[in-house]
Structures are given as C-alpha cells and as structure tokens.
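Heads up: the structure comes next, in structure tokens.
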Amino acid sequence: MWNYLSLLPVILFLWAIAGIWIVFAIAVVNGSVDLNEGFPFISICGSYAPQSCIFGQVLNIGAALTVWICIVRHHQLRDWGVKTWQNQLILWSGILCALGTSIVGNFQDKNQKPTHLAGAFLAFILGNLYFWLQFFLSWWVKGLPQPGPHWIKSLRLSLCSLSTILIVAMIVLHALHMRSASAICEWVVAMLLFMLFGFFAVDFSILRGCTLHLHPRLDSSLPQAPSGSPNIQMAQVL
C-alpha cells in the first residue's frame, strides 16, 4: 500500500527532472545558451538570470528532499538490522550528495567555479557511490528484505553501472575538449540519479509512517511530570 513516505522519492524525481529541463528551456529561449555552438552543461544553463534563480531553488528543494529520503532509508535499514558503520557510511554519502547539489545551485559556474566543481563532485560521485553502497548491501546482508518485483535489483545494477560509465566518459570527454559529448553524458547521469532516488518509492511502500522520539535529559533538578500527564516523549510526524 502506498503512503506519504513512498511519495517522497516520486516527488523528488518529478521535481528535479521538471526543474532542470525548465531551466534548460528558459536558457535556450532567452539566448543564454546557443545550441548551434554545442549542447550545454546543466550548470551553464543555470548560470544566468533569470533561470539561475529557478535553478538554485530547484536544487535547494531537491537537496532537502534528498536528505529526508536518506534519513528515512537510514532508519529503515537500521530496523532491518544493518550494522551501524555500514548504515552510517551510506547515510553520510547521501547527505554529502545532497550538500553538493545545494552547492551547485547556489555557487554558479560563472561566479564561483572551484566551489561549483566541488559541489558537482559531491553530487555526482558521492551520489553514484550512495547507490552502489545500497546495492552491495543487498549482497552483504543475507536475508535483507527486497520490496518490489524481482527485476528491481537488476534494474538498479544496470542504472548504477551506466551512471558510473557515463561519469568516467564525461570526465574523459571534457579533458579531450569534446564539450558537447561531455555535457550529454552529464545530463544522462543526472537523469539516472534522479531515477535511482525515485525507485526508493518501492522500498518505502511497505512503510506505514514514521515517528519522532523525544528523550528528556536525566536530571534530578528537573521537575518530574505529574502522574497521569500526557506522554510527550513521542510525537507523530505528519
């Protein structure tokens, strides 16, 4: 049964893809990029006003959704008995991917190129690593639940492999000054990563919801709650 948590990956997928293609369309229409000179990188499309404002907002909201998804996934893996160090490694690679996405949106290529490239490294490289770690985890941990149809695992492997190949191709082609080919690889990698995040909808479909637990500090100087008072240690996250 689908729930609001399973909608998060779908919302991220639709939001990110629609957002960056809208930015591309605006850049082409207002002449910020010229397709006759070659296919542009995503960052070039988002470097000039007014689409730079939209670009930053799209990536900031996308980064926030990514962090939310990574945290939900972290707790899901924890409840499945995944070791803490493995789960923490996966979580932080996802959070750093989200941080890189936000950096890319806020530090445009034409204004702060070194910072922008650092953000792109986090977004693409660690984003790809995040999904490889998720995939390898399904092999490391025996008996780990595999929600969804059996072909999902094979599809994720294919998408991760293609993403890795295209990242390498993107870097090599850029070094060879084949910018249009490199830019096309970048766009495809971005679409693949959005798709991989979107597939978390399958994993989250078995969840009913999530709760936030508040643990009060143990201090004898604090007044004790009166008998019969409402339990304030758990609040439902809406």
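Using N, Cα and C of the backbone, Cβ positions are placed for all residues, glycine too.
Given the structure is predicted, the values throughout are model-derived calculations rather than measurements.
Under the three-state DSSP scheme, Asn30 (N-linked glycosylation site) falls in the coil class. Look at Swiss-Prot and you will find Asn30 tagged as N-linked glycosylation site.
Per Swiss-Prot, topological domain 'Cytoplasmic' is recorded for 1-8 (among others), and the stated evidence type is a curator's inference.
Beyond its flanks by at least six residues, the topological domain 'Extracellular' (30-51) meets 20, 22-24, 104-105, 108-111, 116, 120, 179-180, 182-184, 186-187, 190 of its own chain at Cβ-Cβ distances under 8 Å. For 30-51 (among others), the entry in Swiss-Prot reads topological domain 'Extracellular'.
Summarising the annotation, Swiss-Prot assigns topological domain 'Cytoplasmic' to 73-86 (among others). Below 8 angstroms of C-beta separation, residues 94, 133-134, 137, 140-141, 144-145, 200, 203-204, 207, 210 of the same chain, each at least six residues beyond the ends of the topological domain 'Cytoplasmic' (73-86), sit close to that stretch.
Per DSSP, the topological domain 'Extracellular' (108-116) is made up of 4 helix, 0 strand, 5 coil. Here Swiss-Prot flags 108-116 (among others) as topological domain 'Extracellular'.
In the topological domain 'Cytoplasmic' (138-156), helix, strand and coil residues by DSSP number 9 helix, 0 strand, 10 coil. Per Swiss-Prot, topological domain 'Cytoplasmic' is recorded for 138-156 (among others).
Annotation comment: Swiss-Prot describes 178-186 (among others) as topological domain 'Extracellular', evidence class a curator's inference. Note: the topological domain 'Extracellular' (178-186) comprises 8 helix, 0 strand, 1 coil (DSSP; helix = H, G, I, strand = E, B).
Sequence annotations record features per position, and here Swiss-Prot assigns topological domain 'Cytoplasmic' to 208-238 (among others).
For 9-29 (among others), the entry in Swiss-Prot reads transmembrane segment, with the evidence type sequence analysis. Non-local neighbours of the transmembrane segment (9-29) in the same chain are 35, 40, 42, 44-46, 48, 50-51, 54-55, 58-59, 61-62, 65-66, 69, 190-191, 194-195, 197-201, 204; each lies 6+ residues outside the stretch with a CB under 8 Å from one of its CB atoms.
Residues 5, 8-9, 11-12, 15-16, 19-20, 22-23, 26, 45-46, 91, 94-95, 97-99, 101-102, 104-106, 108, 130, 197, 200, 204, 207, 210 of the same chain sit 6 or more residues outside the transmembrane segment (52-72) yet have a Cβ under 8 Å from a Cβ within it. Per Swiss-Prot, the feature transmembrane segment maps to 52-72 (among others); the stated evidence is sequence analysis.
Look at Swiss-Prot and you will find 87-107 (among others) tagged as transmembrane segment, backed by sequence analysis.
Among the features that Swiss-Prot reports, transmembrane segment is placed at 117-137 (among others), with the record citing sequence analysis. Residues 43, 70, 73, 77, 82, 86, 89-90, 93-94, 96-97, 99-104, 107, 144, 153, 156-157, 159-160, 163-164, 167, 186, 189-190, 193, 196 of the same chain lie 6 or more positions beyond the ends of the transmembrane segment (117-137) yet place their CB under 8 Å from a CB of it.
Here Swiss-Prot flags 157-177 (among others) as transmembrane segment.
Summarising the annotation, Swiss-Prot assigns transmembrane segment to 187-207 (among others) and lists sequence analysis as the type of evidence.
Long-range Cβ contacts of the topological domain 'Extracellular' (178-186) within its own chain (Cβ-Cβ under 8 Å, at least 6 residues beyond either end) map to 38-42, 44, 124, 166-167, 169-171.
If you look at the topological domain 'Extracellular' (108-116), the same-chain residues 6 or more away from its ends with a CB under 8 A from one of its CBs are 41, 43-44, 46-48, 52, 55.
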